[in-house]
């Protein structure tokens with residue numbers, strides 16, 4: 001399979017007063033055609049910032065992509081002009097967010113908001129765009145499409161709005177859909193509907209998907225390939241079944257063990273001790289070292305690099321560095 | 001809000017390990033010190049206060065005696081800002097006027113903040129009928145434009161022949177009484193929104209007494225707002241007093257205030273020939289009010305970041 | 001039933017909907033519609049439901065944080081809605097609530113130590129000189145350090161703030177803690193820490209919990225009995241093992257099958273529900289679930305199913321069971 005998007009050594013920093021927060025700190029990942037890659041991590045790990053960097057949504061002076069490249073379909077998105085980026089955004093790459101309510105304009109009718117990208121990117125006439133919008137609303141599983149097209153965002157429930165967001169996102173037939181916690185704000189029964197729908201679309205249109213989530217259950221259901229992030233870095237990545245069956249990085253192991261699972265009751269849940277490190281206090285070390293049960297001397301003084309540790313699995317951990325293991 | 005700030009706040013770090021964190025007030029003050037413009041404003045206000053309250057002590061002309069031989073003299077080495085129609089030193093009088101104007105501004109601010117905060121807090125905390133009564137009175141006062149109301153009061157004072165040395169106190173009282181409704185409204189609004197905050201529900205669950213809820217939970221959350229409003233209010237009070245006195249309805253000569261000194265500009269000859277009579281008091285009002293407002297804005301930014309423009 | 005710690009019977013809470021200039025009441029949101037729950041000392045009752053199910057409202061009316069519309073709530077045999085305000089205030093320390101949002105439930109201007117200790121002071125439970133010791137003790141048992149005592153809430157992370165909220169409730173030595181989605185605002189690794197803390201505290205102090213959550217996997221780990229709510233009504237209650245092994249109500253089944261499980265190869269029979277949760281201001285007739293129920297028959301639309309014992313204390317409200 002061909003790489004659709006390839007991110008290399010991406011660095012996105014945020015600046016405040018005198019401090020620099022390295023929100024995305026040397027992240028490389030790729031999504032191949034027709035593949036679903038899930039980026040998992042806790043709040044503040046840089047998973048959303050990675051997505052925003054792809055979309056060119058990092059705004060100066062607060063933040064800036066300071067290094068790396070994002071190659072999409074052979075072109076480096078970071079080198080494109082604003083206009084060129086705009087034709088790609090919403091057309092070839094589209095994005096859905098966690099809060100559908102705040103990503104829709106409250107004073108415009110739903111129909112108009114779906115038609116807008118169709119008129120701008122696909123150069124459809126108003127009438128064609130309207131017909132297509134109705135079709136899209138039906139496609140995302142909403143009945144009474146005509147009526148919904150003429151209603152305002154506040155008249156719909158969260159689940160409906162997220163469907164509308166998906167309708168807008170897929171309206172121009174994107175090659176890549178970036179979904180940033182698309183179901184986190186929704187109830188489980190609605191989440192199940194939305195995930196089913198996304199899966200189905202992907203199958204039908206051979207679209208690639210980058211799904212950002214903190215929920216390992218969602219990852220297991222959706223992903224082909226998983227990238228685990230911690231404190232701005234990728235700590236582990238791999239094919240989904242392998243990664244869930246034998247996670248290599250102690251953080252991934254901890255995450256998987258600490259999630260309560262239905263019908264698998266434990267008396268005490270495993271929990272990773274401590275807190276996510278302060279992004280301002282990071283030193284040259286493994287960022288996970290003070291929460292890690294296997295912490296060695298080298299973990300405190302040197303940062304491990306991401307490297308192959310098993311078939312289709314990479315981890316950034318000194319435990320898998322042979323020279324160290326034998327010492 | 002810009003998108004870029006979200007991920008940064010997401011990554012709120014764990015508490016650092018210092019033994020005791022300084023009070024929130026100290027933290028705000030430290031941030032205020034970094035705001036150069038606000039500190040400049042504060043410096044101007046402080047200098048103005050010191051000059052007005054200490055300046056006249058060192059002036060050889062502080063007795064306000066009439067000197068017929070030096071009437072309407074232009075600025076010179078002897079009289080830095082010239083003299084007025086009665087031969088009094090203008091600089092000394094501007095500083096003396098400043099004492100009155102600043103005192104009136106401060107006193108009426110304290111009065112209006114006291115009344116406004118108290119009534120607003122009561123209305124917002126108890127709601128119901130108490131709230132209705134207080135707020136309807138406030139609404140009534142707000143519907144009458146302040147300045148005309150003050151004019152009528154001022155005119156009545158002249159009609160009733162109130163002795164001039166009392167008028168200063170009455171002006172303070174008037175200004176204080178006119179300004180409280182707006183303030184009461186803001187405090188009440190703040191109270192209402194605080195009441196609904198989850199930490200107030202937590203206070204109910206804990207079974208805390210009303211007194212503690214009011215003084216330990218609600219009040220500390222309102223104080224920053226009060227400080228900001230109070231500061232900005234001083235500027236407004238100084239201006240109102242000046243306007244009143246300018247029209248001869250506030251503090252009366254011979255007690256000097258910046259307002260009644262500018263009255264000189266009402267006289268065409270003085271306006272054209274003797275600009276040193278009205279420019280200095282006008283300029284004093286101008287820089288004092290601007291400085292207070294700049295400082296107030298700075299205060300608001302550190303104490304009440306939500307209100308940032 | 002004299003051994004019950006908390007006895008909620010036929011509790012109803014309707015929120016009026018106001019409209020127009022005259023603020024006329026045009027309808028009611030039936031947030032809680034005839035709910036009965038009994039919790040014994042030391043027991044953990046899990047209340048599960050989606051948004052709009054009214055589970056949080058049950059928690060709040062159960063301790064009279066908001067007033068009921070009708071029904072009865074007895075705490076240790078005392079009808080708390082009959083108590084005059086001062087009596088109620090004195091009873092409050094023994095029934096505590098832990099909030100979902102660890103950010104807004106702490107007053108930003110009060111130091112952590114004062115926030116935990118002030119209720120002790122107000123109720124005169126502990127001599128003033130000993131308050132600090134008690135606060136330190138409870139901080140420790142909630143996994144916080146003594147140097148945290150003089151800090152302000154904004155200096156803490158979400159997980160730590162939730163520990164502060166728990167400490168604040170715990171210091172009063174309550175018999176009952178109502179926990180309203182206490183872990184849903186937290187990250188996975190922190191969630192596990194807090195769930196373990198809840199469990200540990202129960203073992204050491206014999207607390208009873210009413211644990212409100214939308215997350216079935218969390219509830220399974222903590223609760224001995226579980227109730228499932230839908231649109232203000234209880235649809236099923238059973239012991240944990242019974243509910244997870246043998247769910248009877250179609251909604252419970254759907255809910256169970258909708259929770260994503262972190263095992264990639266697992267293939268499950270999933271019941272995907274149609275449509276959205278109806279608005280609680282205008283709930284469907286008959287069985288409130290019939291609009292989304294994959295097994296609904298004509299009778300479901302007309303008749304309200306009775307909430308009855310299907311055997312061995314497993315209660316369910318469904319015509320088809």
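Numbering starts at 1 and runs along the chain as displayed.
Quick reminder: no glycine exception, Cβ is built from N, Cα and C everywhere.
Whatever TrEMBL says is automated annotation, not expert-curated.
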(request) Could you tell me which of the ranges B:218-239, B:240-261 is annotated in TrEMBL as transmembrane segment? (result) B:218-239
(request) Using a Cβ cut-off of under 8 Å, list the residues of the same chain at least 6 residues beyond the transmembrane segment (B:218-239) that approach it. (result) 28, 101-102, 104-106, 108-110, 112-113, 117, 121, 125, 175, 179, 183, 186-187, 190-191, 194-195, 200, 258, 285, 288-289, 292-293, 295-296, 299-300, 303-304, 307
(message) Any contact between the transmembrane segment (B:37-58) and the transmembrane segment (B:137-157)? By contact I mean 3+ C-beta pairs closer than 8 Å, pairs at least 6 apart along the chain.
(response) no
(message) Quick test of the contact rule: Cβ under 8 Å, at least six residues beyond the ends. What residues does that give for the transmembrane segment (B:137-157)?
(response) 119, 167, 170, 174-175, 178-182, 184-185, 240, 243-244, 247-250
